[in-house]
Amino acid sequence: MVSEAFAGQKTEQAILAGGCFWCLEADLQKVKGVQEVVSGYTGGTGTNPTYDDYVQKGHIEVVQITFDPDILPYAELLNIFWKKVDPVDPGGQFCDRGHAYSTAIFFTSEEQKTIAEASKAALEQSGLLDQPVATEIRASSTFYPAEEYHQNYSEKNPIRYKFYRFKCGRDQRLEELWDGKELPALSPEKSEKNAGGNMSFTRFTKPSQEELKKRLTPLQYKVTQEDGTEQAFKNTYWENTRPGIYVDIVSGEPLFSSLDKYKSGTGWPSFTKPLEPENIVEREDRSWFSVRTEVRSKHADSHLGHVFTDGPAPTGLRYCMNSVALRFIPAEDLEKEGYGAYSNLFPEIKR
């Protein structure tokens, strides 16, 4: 329930666990768009937990954030959250050990679940961390505010708070983990959906060319950013027959489905149509002394390949793509990777 103090204002609530709630509360209170942060407990089975018994009742320390989604979209809040915690630690946070101090994202809606899964997947795929992300994504349950003396603890007890935070090694570990690293803008902002109910990528921000050179292989960069072409018959997906979808290597925007893939004999992955036509841009290409139709991704502006009119029925089209411009998401991993909206395309796959 949103506080009466924010009645009439546009608000959304999130529940995040990041170890000691004093610290996460203090960090998030400073974020533009955050209206209120309350420390508390959730995730367990016992009712009305207190600081003395929340561990025995199975709860963990969390903060409930009330925020304005127009100023601070949920996906941006999660990117801020990642850099305030150690997401690869499965046993607690910093000096505080045990399940009660573990990291977690408690989604309060299916939309938040989709965004959280995509955000976690993007972090795991970014290469920024050398271990798996241990943060759980869970459905929210009853949130119990902590005792009043825990609220705004950093302001009420600044000296004790600073001493505890330093001795716990929180900032030292965060600097070691995140210093000089930019969180990926590669995952779509999934808080919006198009008329067909699928993901919208309108908030995607393309990384700089310098950043892309770090994240992509030389061949991926040459193809997607310099309109290059990979070698036929010697690429990853030309013979791939597994069920799933193909997304842009830079943005993650869905492009093609295995249901529309066919063996063209050209040595490149070929499709009869796009999975999401609005994510495809076609341009006239007059290179190589001919006129062809180039295919690019809309949001990442990646060069993908070309489309020809010699394909099979029913479209008569052949979308001839470069494997290195794509990333394949197996059907069984769609939910885990944040593309659960496409799971219904593959009803035969067990998850």
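Glycine is treated like the rest: Cβ placed from N, Cα and C.
TrEMBL labels come from automatic prediction, so no person has curated them.
Listed features, source TrEMBL:
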type     : residues : note
ACT_SITE : CYS20    : active site
ACT_SITE : CYS320   : active site, nucleophile
COMPBIAS : 197-207  : compositional bias 'Polar residues'
DOMAIN   : 209-331  : domain 'MsrB'
REGION   : 187-207  : region 'Disordered'
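In the predicted model, the domain 'MsrB' (209-331) shows an average pLDDT of 94. According to DSSP, the residue listed as 'active site' is assigned to coil rather than to any helix or strand. As a summary of secondary structure, the domain 'MsrB' (209-331) carries 26 helix, 40 strand, 57 coil according to DSSP.
The two recorded residues CYS320 (active site, nucleophile) and CYS20 (active site) have their Cα atoms spaced 52 Å from each other. Long-range Cβ contacts of the residue listed as 'active site' within its own chain (separation 6+, distance under 8 Å): GLU61, GLN93, PHE94, ASP96, TYR101, TYR164, CYS168, ARG170.
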